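J.: Once you've had a glance at the structure underneath, I'll fire off some questions.
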Amino acid sequence: MSGGCRCTRKLTLAMSGCVIILVIALTVGLCVGLGGDDEVKREDTPKFTIDHEANTFLLDGEPFQYVSGSFHYFRALPDAWRSRLQTMRASGLNALDTYIEWSLHNPHDGVYNWEGIADVVKFLEMAQEEGFYIVLRPGPYICAERDNGGLPHWLFTKYPNIKVRTNDSNYLAEVEKWYDILMPRIQHLFIGNGGKIIMVQVENEYGAFDACDHDYLNWLRDETEKHVSGNALLFTVDIPNERMSCGKIENVFATTDFGIDRIHEIDEIWKMLRNLQPTGPLVNSEFYPGWLTHWQEENQRRDGQVVADALKTILSYNASVNLYMFFGGTNFGFTAGANWNLDGGIGYAADVTSYDYDAVMDEAGGVTSKYELVKKAIGELWTLPEITLTPAKRLSYGKVELTPSLQLLSSEGRAALSKGVPVESEKPKTFEELDQYSGLVLYETTLPDMDLDPALLKVEQINDRAQVFVDQELVGTLSREANIYALPLSKGWGSTLQLLVENQGRVNYDLLNDTKGIFGDVSLQLHNGGYLTLENWKSTSFPLEEAAVASWLKQRTNKELDSLITRQRILRNGPILYSGTVKVDEIGDTYLNMAGWGKGVAYVNGFNLGRYWPVAGPQVTLYVPNELLKVGDNSIAILEYQRANKTTSGTDLPAVQFDAVAQLDGQSGDVKK
Ligand SMILES: *[C@@H]1O[C@H](CO)[C@@H](O)[C@H](O)[C@H]1NC(C)=O
Ligand SMILES: *[C@@H]1O[C@H](CO)[C@@H](O)[C@H](O)[C@H]1NC(C)=O
Ligand SMILES: *[C@@H]1O[C@H](CO)[C@@H](O)[C@H](O)[C@H]1NC(C)=O
Ligand SMILES: *[C@@H]1O[C@H](CO)[C@@H](O)[C@H](O)[C@H]1NC(C)=O
């Protein structure tokens with residue numbers, strides 16, 4: 001292989017190395033056979049280990065260094081995996097880093113998914129074929145800016161008070177069950193079993209988590225090792241700060257993570273790591289060439305030259321390094337997470353759909369000027385492989401008019417897109433109680449006779465956003481992001497109160513019980529200064545899963561909607577599903593430009609591209625992978641919650657546009673080169 005750092009194969013194991021290998025073997029389990037093709041074999045020597053004297057990894061007894069890139073299979077379509085991997089390999093990377101997302105593979109209790117985008121074994125095998133070693137990060141908590149940090153929502157359905165990432169026996173039992181199903185599928189890929197997985201992570205940035213529960217960490221180490229059996233190296237990753245020791249696990253190799261903003265303190269960072277672990281190779285497991293972006297903030301950009309220079313600095317310490325993200329991709333569907341209480345004290349902030357991340361490659365897998373600079377830096381370390389890339393074309397398909405086709409809150413809309421009969425209960429049911437991953441839940445109750453005009457409606461907590469209707473007329477919006485939990489209602493507006501609550505993404509970091517729906521009391525102000533708690537609720541699930549939208553599109557009658565509804569610019573009677581067709585002559589990557597629309601979710605050929613919210617920004621376009629398109633007619637469905645792209649005067653239909661360039665930096669922002 002041309003990765004550079006593996007030299008000739010002569011096995012000269014230093015005695016100290018052996019001792020350390022033995023120590024590791026004793027603590028993490030048995031040393032097992034190598035099963036390689038080498039002429040020199042040592043039955044008791046792991047293929048991949050650590051030389052604590054030379055402070056380096058050893059691969060087959062030879063010093064080894066890696067420069068890896070993160071690419072999460074669940075953020076690109078399977079038909080795009082190989083070209084992304086080849087583009088990464090062409091930059092000189094010799095290793096690939098990926099998380100495994102529990103919630104993708106185990107969407108409901110007892111239900112497993114290993115097909116298509118969830119075919120992680122196929123992905124890992126493909127990475128091996130493309131010449132990568134693999135750094136595997138199975139979590140089970142992964143953060144990753146994904147809904148709930150990758151933990152399945154149904155953990156809260158099954159155990160409402162579960163304390164995830166701790167010694168909670170319910171959590172441990174579920175993790176054990178999950179690893180018993182996952183690990184046998186990937187075992188053959190561990191380096192000791194003839195595959196290319198050199199390292200397996202235990203937990204993820206655990207030091208940053210308040211619990212600091214070492215019983216749990218030790219248990220998870222043993223549980224992971226039960227499956228790895230010395231056939232790959234266990235490791236941890238922790239943010240370099242005073243909480244680092246909360247993430248350190250005895251007998252597990254420790255690494256750290258930092259980006260360009262902390263490169264000036266690299267010596268202090270290595271010192272922190274050395275305090276935790278005096279010897280062994282230095283590893284930055286998450287070197288950030290970009291950063292994540294939330295809605296309603298500026299798109300995060302990082303300068304390519306600064307990134308390349310920082311990479312060279314890290315490599316000058318002989319460190320191994322993973323670029324997080326090398327290729328970011330997309331949070332398709334409802335998979336984007338959220339953050340909580342970030343620096344600056346803001347509360348809840350949802351992550352955008354794009355995970356472009358200003359990574360080394362762009363969201364569509366294309367090379368950028370940052371890519372060329374990073375490639376050059378890696379080229380100073382070892383010889384780059386010769387790989388010819390054939391990037392997909394990026395095409396504009398122009399303007400497409402959309403027809404208002406279905407009103408979500410009408411009886412037809414409920415029949416088509418809700419999960420069935422509403423659940424009746426004294427208090428509103430949470431998404432988790434309804435075993436609902438995402439989408440919307442409609443909460444309805446009868447308003448009492450009001451003795452004030454207006455009277456304040458108060459909700460203790462909404463996760464995360466509610467459109468409020470009385471008799472299906474919009475009266476306002478409540479929002480966790482904006483900390484708005486009350487609005488006035490006028491006497492005589494009607495008798496049915498309706499709150500349509502959107503899950504904007506479960507928090508992925510630190511706060512890990514971010515269940516969704518309405519919490520605490522919903523109450524109405526009284527003349528005597530008190531509040532009346534509203535009870536007897538009907539909760540209706542709208543999971544907005546692809547199959548439901550696709551099947552409605554297929555079976556629908558072309559019945560026209562009421563012309564009053566059709567002419568609406570502000571959707572005063574609830575979300576509307578708009579549908580249309582884009583004609584494609586030549587297939588390419590494209591971007592669905594949502595300028596002029598409000599907030600919602602978009603489907604192309606039945607595939608959920610993700611949430612859009614151009615009025616908030618900064619993301620304006622949704623990436624449409626070429627793999628979704630076919631020559632001829634392609635269907636578009638837009639479920640808009642708030643506002644149609646329409647002029648006040650015009651009688652024309654609202655429209656979207658398919659552009660050849662992404663717009664991630666706001667309506668007037670720069671376009672990424
Ligand atoms: C962790 O759980 C085990 C088994 O339930 C128990 O023996 C142990 O005391 C627990 N440790 C802590 C810190 O709760
Ligand atoms: C890096 O490794 C080389 C070759 O083994 C060695 O000469 C050099 O001193 C090392 N540099 C650092 C900073 O450890
Ligand atoms: C989540 O956990 C925190 C801290 O343990 C607790 O205060 C809060 O009530 C919990 N929230 C939910 C919705 O269970
Ligand atoms: C509606 O979309 C079209 C096509 O993308 C765009 O040109 C137009 O500016 C949008 N209209 C409004 C009112 O924003």
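Cβ atoms here come from the backbone N, Cα and C positions, even for glycine.
Pulled these from TrEMBL:
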type	residues	note
ACT_SITE	E205	active site, proton donor
ACT_SITE	E286	active site, nucleophile
DOMAIN	56-379	domain 'Glycoside hydrolase 35 catalytic'
DOMAIN	428-539	domain 'Beta-galactosidase 1-like first all-beta'
DOMAIN	575-634	domain 'Beta-galactosidase galactose-binding'
TRANSMEM	12-36	transmembrane segment
J.: Can you check which residues sit near the residue listed as 'active site, nucleophile', meaning Cβ under 8 Å from its Cβ, same chain, 6 or more apart in sequence, and list them in order?
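T.: In sequence order, the residues whose Cβ lies under 8 Å from that of the residue listed as 'active site, nucleophile' (at least 6 apart) are S70, V237, D257, F258, G259, N322, Y324.
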J.: Taking only same-chain residues 6+ apart in sequence, whose CB is under 8 Å from that of E205 (active site, proton donor), what do you get?
T.: C143, V237, D238, I239, G247, D257
J.: According to DSSP, does E286 (active site, nucleophile) fall in a helix, a strand, or coil?
T.: strand
